[in-house]
């Protein structure tokens, strides 16, 4: 299956709706895909909401690391909710249409959440760097005000950059076939719908990707170089294991998120196919958001302890009422 070529009416402007082809070619698997994605989406919502509630209800988790994790969980809910509900609806209907305004709204939310998460992951790496490399001054450096400023800066960068970029993309004229060979309005397939020369737009998108995706990534790499260097200098193996365990969950999340994002937006277009693009997109829109709460709960003793205490309090409170 390949992207549709422009038809004879290629100069006809698209002013109404796009058709998201998505997984239409998997006709017999539509219901199965719906059930699988629905279960994953519900697990994502429950897992991330659980993390938010645990952090809110347990004073022992009121630390900078868990403040960032709370914001990450909120981002993941918004991020996946900008894509999956519409994907689920389209798996159940014949006409997989989305208005241009709806497509723009989806891209605004998705890209803002994605870039904000890039910056937030960098802030979390900085937090781990201070905790391990400068522990005596950790509480002073990572004060509540500094944490709020780092989160605020992440949101500000995400909103400003992606509002400008998405507004620019949707100022382009769209014409010809209105079929988008994707399951949501991602940047590359939407730009392909433009009937003007988009080479400059693609260069700008690449430049923004390099600047605002790679810059946080490089900060994360530098943080972990310093962290690993410090951990290796610790005298005891137990101390090294304990120090590394405090950042292993974050490192796994960064690997999942950036691995798929970098491969999607920075790989050569010559090796791109519609089916391959959709499989990769499923990784960062559906799979990664469901893995993050699993990683942070199963690999984190403090979160598991907070979960047991919360359940214990709930059972105790229920028994007292009876």
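Don't overthink the numbers, they just go from 1 along the chain as shown.
For all residues, glycine too, the Cβ spot is worked out from N, Cα and C.
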- Pick from 67-93, 175-201: which range does TrEMBL record as transmembrane segment? 67-93
- Among the ranges 31-55, 67-93, 105-126, 146-170, 244-266, the one whose Cβ pairs under 8 Å to the transmembrane segment (203-232) are most numerous: 105-126
- Do the transmembrane segment (146-170) and the transmembrane segment (67-93) come close, with at least three CB pairs under 8 A (pairs 6 or more apart in sequence)? yes
- Item | Which of 31-55, 67-93, 278-298 contacts the transmembrane segment (244-266) most, counting Cβ pairs under 8 Å | 278-298
- Item | Maximum Cβ pairs under 8 Å to the transmembrane segment (278-298) - stretch from the list 31-55, 67-93, 105-126 | 31-55
